[in-house]
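As structure tokens, the structure follows; a few thoughts come after it.
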Amino acid sequence: MEKRILGLDPGLAILGFGAITCTPGLTQLQSTKVNILDFGVIKTSADIEIGQRLCTLFDDLHTVIDNLQPDVVAIEKLFFYRMSSTIVVAQARGVVMLALAQHHLPYVEFTPAQVKLALTGYGNADKSEVQEAVARELDLAEIPQPDDAADALAVALTAWYQM
């Protein structure tokens, strides 16, 4: 049975999303087919008041969810050294959680280290190694752009590996 997984890389300026479809083999020995359903970003302008930016994220994420109809959502967990960055991304994550709750969607969360480990086998891999692994796993000639969308696909793949 096909599963749709929506990966999200939350941010206020740019929220990356990447959706995959996964069709398991009939037995554990058979390979699993994983395909890209869609990927992209939701952007908000720094020129707009933060409340309006959060509304834009919320509305646009609803549209993405309605269009892609995921079975489960995978979200990258917060990990920042600067408090100001953490607060802004936490606000965006709150909007994400509200949208998921309104759609009654289950979600899983992964730290950046968990995503790196799942895709490269090494929890301290750099961003380019993870993005190359995404392209390889999804049989793409090029790394998906922008980076936030590639990161969201990495989170979706991590969820699939954990199922």
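Heads up, the Cβ atoms here are built off N, Cα and C, so glycines get one too.
Swiss-Prot annotations:
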type     : residues     : note
ACT_SITE : ASP9         : active site
BINDING  : ASP9, ASP148 : Mg(2+) 1 binding site
ACT_SITE : GLU76        : active site
BINDING  : GLU76        : Mg(2+) 2 binding site
ACT_SITE : ASP148       : active site
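Location within the structure of each feature annotated in Swiss-Prot.
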residue : record                : DSSP (3 states)
ASP9    : active site           : strand
GLU76   : active site           : strand
ASP148  : Mg(2+) 1 binding site : helix
Which same-chain residues, if any, lie at least 6 apart from ASP148 (Mg(2+) 1 binding site) yet have Cβ under 8 Å of it: ASP9, GLY11, ILE14, LEU15, GLY16, VAL41
Cβ neighbours of ASP9 (active site) where a neighbour is any other Cβ within 10 Å: 26
Residues near GLU76 (active site) in space but at least six apart in sequence (CB under 8 A): GLY7, LEU8, ASP9, PRO10, GLU109, PHE110, THR111, PRO112, VAL115, ASP151, ALA152, VAL155
